[in-house]
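Feature annotations, reproduced from Swiss-Prot:
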BINDING   Tyr36, Cys56, Cys59, His60  heme binding site
SIGNAL    1-35  signal peptide
TRANSMEM  286-306  transmembrane segment
Amino acid sequence: MQTRKTFSWIKEQIARSISVSLLIYIITRTSISSAYPIFAQQGYENPREATGRIVCANCHLANKPVDVEVPQAVLPDTVFEAVVRIPYDKQLKQVLANGKKGGLNVGAVLILPEGFELAPTDRISPEMKEKIGNLSFQSYRPNKKNILVIGPVPGQKYSEIIFPILSPDPATNKDVHFLKYPIYVGGNRGRGQIYPDGSKSNNTVYNATAAGIVSKIIRKERGGYEISITDPSDGRQVVDIIPPGPELLVSEGESIQFDQPLTSNPNVGGFGQGDAEIVLQDPLRVQGLLFFLASVILAQIFLVLKKKQFEKVQLAEMNF
């Protein structure tokens with residue numbers, strides 16, 4: 001009996017441990033996956049400034065390319081693909097928050113014209129779903145369905161991101177018209193250098209906050225350094241804290257200048273932005289164009305037939 005109770009207690013403890021582990025994993029994964037878009041969403045009402053600059057560039061300081069591809073024209077109430085490409089060397093490793101090296105992640109923000117939005121799941125074809133994979137998109141704001149964000153997601157798998165977009169219908173939305181519209185995109189690979197509060201991450205270069213002699217370098221137990229800089233004129237000492245990740249460039253006894261780099265720049269990523277244009281095409285205009293082309297083709301056919309008939313008449317008159 002005692003053995004049975006003990007076995008039952010062990011099973012209960014194992015089940016509880018598994019539940020706690022799963023909960024911690026879910027919470028951690030959620031916080032990581034939503035971190036980057038939340039930085040912009042919490043700090044800015046609109047991700048695109050009046051100057052045209054996308055706010056992600058405030059934290060991701062290096063400039064890198066990004067490309068967006070959309071159809072030249074779409075019909076109303078149609079699902080189409082917006083393809084965002086974030087190219088980078090897949091062999092590169094970035095500095096993680098704990099100072100270790102790991103793969104790069106990517107993220108993107110897609111700013112569509114008013115009325116365009118993420119396509120509902122039931123409107124997305126199986127072929128498009130296969131291209132999208134396990135990506136989960138979200139609106140920048142509940143009232144800004146035309147602005148979509150994604151990331152961070154593993155760059156090895158998602159350096160090309162497919163956004164399923166639903167075009168608006170002017171027949172049901174009077175604020176939308178059959179016009180040419182701009183589309184803006186921003187894409188980053190790797191971690192940022194600045195946090196929204198203005199503090200540095202460990203994915204950037206650290207500079208000396210004072211001039212003087214490097215009097216002491218203490219390597220911290222969990223990584224990183226404490227660098228003591230002494231002013232030889234008055235003996236005043238300043239301590240610069242270096243987090244785990246960047247490589248140290250100075251040594252004890254070295255004379256340094258104010259703002260001189262103390263570390264290398266570990267950043268291998270960067271942010272880029274681009275734009276494209278799309279035409280919301282009027283179906284009646286397309287039908288009119290098709291009718292016009294058909295009439296031109298028919299006119300050409302009749303002209304050829306008429307010419308052949310005229311040649312036959314001429315030939316008959318010559319024989320007569």
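Glycine too: its Cβ is placed from the backbone N, Cα and C atoms.
Most buried of the binding-site residues Cys56, Cys59, judged by other Cβ atoms within 10 Å, is Cys56. Using a 10 Å radius centred on the Cβ of His60 (heme binding site) and all shown protein chains, the other Cβ atoms total 26.
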